[in-house]
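Novice: Next up is a structure, given as C-alpha cells.
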Amino acid sequence: MPELPEVEVSRMGITPHMVGQTVTKIIVRNPKLRWPIPEEIQQIEGQVIRKVTRRAKYLLLHTDVGYAIVHLGMSGSLRILPASIPPEKHDHVDLVLSSGEVLRYNDPRRFGAWLWGLPDLDHKVLSQLGPEPLSNDFTAEYLQERAKGKRTAIKQFIMDNKVVVGVGNIYANESLFSAGIHPKRAAGEISPEKIALFVDEIKSVLAFAIEQGGTTLKDFKNADGKPGYFAQELQVYGKGGKPCPRCDNPLSEMKIGQRASVFCSECQK
C-alpha cells in the first residue's frame, strides 16, 4: 500500500506537468472505486490546475472551482503519459491536459478513490486528520501530550491518523527500531526523552524514504513508472527471523492491531 513517502513522491512527480495546465477532459472508465466517483468531479473540465498538494495520503488537485481528491488505495499509481497512449486494463481515470499529456490513474484492486471538494472547505475525509509528521506541528511536546495516560501499544498509537498522519506500517516499524522502542510498549509509559527521539526518527525515516523515491514492495511506481528504492534501505520491515542489523539477535515478528510488526527484543525496550 502506498504510504506517505510514496504519495509525496507521486505529488512531486506530477506537479511540474500539471500546474498551469487546463484539464480539457476527464475520462472515467470505471467509477466503482472504494467509493463511487461523484458526478461533481466533472466540474474539473475546463479548469486550470493551480497547485498540487498532499494531505496525509490524499493528493489534492486544486482549481478555482474546487479540488479533486485522489487516494491511491492499496495498489493505485499515477502516471504522466502522452495522451496518444491507449489505456490498459486497470487504467480507470484520465485527466487530459492542454499540454497534450494525460494524468492516468491505474488501480488493479480498485481500493483507491477520486472525490471532489469545494474551495476553502475540508472534505469529510480530511476533516479529522492529525498533523503532518514532517511539519513543525508534529513535535515531541505534542506527541507526549497526546500519549499521556494511553495504554495503547505505541505502534498502534502512532499509526492512528487522528494522532499523526502518514506513519503507516512500514515506517512505523522502521522508526520504532531506529528509536529503540518496543512496538507493544504502552504509549503513555514512554519517557519524554524517548518520545523526542521517536519524533526525530519518524521525521528522518520519512524524509529519507522520500529522497529514495519511496518503497516499492509490489505495486508502487512513481509518475515516470519507476519503482522506489527505499526497500533496499529497510532495517527490519519484512525481515522477521533475520539477524538484527545492530546486535545480530534474530528479529522477532508478531501481529499488533492485525498488522505485521518486526522488532529486536534486545535493542527495543
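Residue numbers in this text run from 1 along the chain shown.
In case you wondered, yes, glycine gets a Cβ from its N, Cα and C as well.
Taken from Swiss-Prot, the feature active site, schiff-base intermediate with DNA applies to Pro2. Annotation source Swiss-Prot lists active site, proton donor at Glu3, Lys57, Arg259. Marked as DNA binding site by Swiss-Prot: His90, Arg109, Lys150. The zinc finger annotation in Swiss-Prot covers 235-269.
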Novice: In three-state terms from DSSP, label Arg259 (active site, proton donor) for me.
Specialist: strand
Novice: Where Arg259 (active site, proton donor) and Glu3 (active site, proton donor) are concerned, what is their Cα separation in Å, rounded?
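Specialist: Glu3 (active site, proton donor) has its Cα 14 Å from the Cα of Arg259 (active site, proton donor).
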Novice: Taking 10 A as the limit, how many CB atoms besides its own sit near the CB of His90 (DNA binding site)?
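Specialist: If we count other Cβ atoms within 10 Å of His90 (DNA binding site), we arrive at 16.
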Novice: Please work out which residue of Lys57, Arg109, Arg259 has the most C-beta neighbours within 10 angstroms of its C-beta, and give that one of the recorded positions.
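Specialist: Highest number of other Cβ atoms within 10 Å: Lys57.
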Novice: Check the Cα distances from the residue listed as 'active site, schiff-base intermediate with DNA' to each of the recorded positions Lys57, His90, Arg109, Lys150 and keep only the ones within 10 Å.
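Specialist: Checking Cα-Cα distances against the residue listed as 'active site, schiff-base intermediate with DNA', the recorded positions within 10 Å turn out to be Lys57.
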Novice: Could you check which of the recorded positions (Glu3, His90, Arg109, Lys150) sits closest to Lys57 (active site, proton donor), going Cα to Cα?
Specialist: Glu3
Novice: Find the one among the binding-site residues His90, Arg109, Lys150 whose C-alpha lies closest to that of Glu3 (active site, proton donor).
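Specialist: Its closest listed neighbour, by Cα, is Arg109.
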Novice: Tally every other Cβ atom lying within 10 Å of the Cβ atom of Glu3 (active site, proton donor).
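Specialist: Summing over all protein chains shown, Glu3 (active site, proton donor) has 22 other Cβ atoms within 10 Å.
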Novice: Any same-chain residues 6+ apart from Lys150 (DNA binding site) with CB under 8 Å of its CB? Would you list them in sequence order, or say none?
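Specialist: Correct list: Phe157, Ala186, Ala187, Gly188.
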Novice: Given that the record lists His90, Arg109, Lys150 as binding DNA, what is the largest C-alpha to C-alpha distance among them, in Å?
Specialist: 43
